[in-house]
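Listed features, source TrEMBL:
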type	residues	note
BINDING	E19, K62, N138, A139, G140, K141, T142, S143	ATP binding site
REGION	108-129	region 'Disordered'
COMPBIAS	117-127	compositional bias 'Basic and acidic residues'
DOMAIN	369-478	domain 'Clp1 C-terminal'
Amino acid sequence: MSDISAPRPREWILEPETEYRFELDPGTTFAIKISSCSRAAAEIFGAELVEGKTYLFTSECKAALYTWQGCVIEMSTASTEYVSEETPMSAYANVHIALEQMRVRALSKARGSPLPEPEKPDPKLSEPPRVLILGPENAGKTSVAKILANYAVRAGQGWTPMLVNVDPSEGGWAIPGALSATPVKGALPTYSPASPLGTASTTAPLVLSAHGHVPLVYWYGHADTKRNPLLMDRLIRNLGENVNDRFDLDPEGKAAGVIVDTPASFASNSSPPEHRQKLIKACVDAFRINVILVVGHEKLNVEMQRAYGSHISVVKIPKSGGVVELDHSYRERIQKYQLHTYMYGCAVQPPPGVTGATLGGEALADLVLSPSSGVIGFGDMSIYRIGTETMAPSSALPVGAARVMSEMQPVPVNPAMPGSALLNSVLANERYDEEVLGSYSYDTNINMREKKMTIFIAEPELLWQARLRLQGSFEYQDL
Ligand SMILES: Nc1ncnc2c1ncn2[C@@H]1O[C@H](COP(=O)(O)OP(=O)(O)OP(=O)(O)O)[C@@H](O)[C@H]1O
């Protein structure tokens, strides 16, 4: 922040153990620089900020900069901002320390080294931490997941905890509708809700991106877990199998453990109890969960204690007063930003006078992408939907009635039929031999006369190569 013709940045002094919370309006960009700090730098959801570097935030980002030791920050103008002295960071740090002890013991055990013996040895304590984070809407679950993953990475032990996102409304490293997992090797930055877990190979080209993750992604296709709980269940279990297979080959990664971020519907009374209990059970089984963290919800904590307390540590942790209540229209805008970012990357104009700033640690020019497009004949690909559009869940059928079509059945979608709802539809593309993993496109034009449609896709090689495409319920039109 050094241009003399630009407005002077403001400077605030943050006392130790306080946090500066900020929210951005649509279309605004915000910059922060740590101008001086004591021993430990400031952090955003556990990711350290380096003194003297300028960080940008965009796309209606809402976040908090926390400091353990105190610091001075320079910043441009945010739409909403305040400093809070009341934060749950000490409680979160204590959780991190307990998980760290489990990691150290698990690694010693895997290497056959002697374990540091506690007074009462508990075999559960030498298991790697496999953590499920549950809580209602706007509890701060994703922020807690990021803090715990970032603290593990920062511990200096070379941990690469597996972070799993089974919240299909959020998008993780891909787009909304996806479930994903990746070993976290570097800090997960917060700069835009369009990339809530930082950059991935899909949001920036790996050759350019310094911190890109390479996630494993499955396509569920809807924002709401109630839409097809059976498919959710299957995908969670598939993701778990893949994670466990990887752990079999990587004992050090296994010792670092798993952190699973879940959607609010797992905790919400608006979901039928049997659905959410089944999906929680799917996570517990798939990721062999041994710690459940319940963020600020007494009733859910008691429910989890009763269901799992005998063999899993269930811990209630406080909700941060800084978590912002995100309404439906904000969530819809974020889903649009995510789809746009997936296709076009993130083009950001820094505030006046701000130079040399980075977005989540990446140079601004490296984050701009350009999708390919092509016209494809209806006969050159097959499009499916899983289950039907209007299907009630099996539990809602009359007693004794059997469903004619399974919620898991692929239903062919004929682009030539009116009502296929393919125009502007987001499609997942086959990647490896009928496996649909983390590649997405959308169609912008359907020519019924010539039986062709125009598809925009991030990975050009899959434009014609992918013979199979899956439709969900997301639509996208250029912003
Ligand atoms: N301490 C804080 N100060 C300011 N903003 C925060 C703080 N903690 C979280 N937020 C913001 O509040 C919003 C909601 O937080 P988060 O996504 O972690 O909650 P969640 O429980 O995962 O949400 P969901 O309802 O989607 O499951 C996010 O924009 C996040 O960046």
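From the backbone N, Cα and C atoms, a Cβ is placed for every residue, glycine too.
Shown on the structure are the features that TrEMBL records.
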{"residue": "E19", "record": "ATP binding site", "Cβ within 10 Å": "24"}
{"residue": "K62", "record": "ATP binding site", "Cβ within 10 Å": "20"}
{"residue": "N138", "record": "ATP binding site", "Cβ within 10 Å": "14"}
{"residue": "A139", "record": "ATP binding site", "Cβ within 10 Å": "23"}
{"residue": "G140", "record": "ATP binding site", "Cβ within 10 Å": "25"}
{"residue": "K141", "record": "ATP binding site", "Cβ within 10 Å": "28"}
{"residue": "T142", "record": "ATP binding site", "Cβ within 10 Å": "23"}
{"residue": "S143", "record": "ATP binding site", "Cβ within 10 Å": "25"}
DSSP state at K62 (ATP binding site), helix/strand/coil: strand
Within the predicted model, mean pLDDT of the domain 'Clp1 C-terminal' (369-478): 76
DSSP state at K141 (ATP binding site), helix/strand/coil: helix
Helix, strand or coil at E19 (ATP binding site) [DSSP, three-state]: strand
Site diameter for ATP, Å, by largest Cα distance between E19, K62, N138, A139, G140, K141, T142, S143: 18
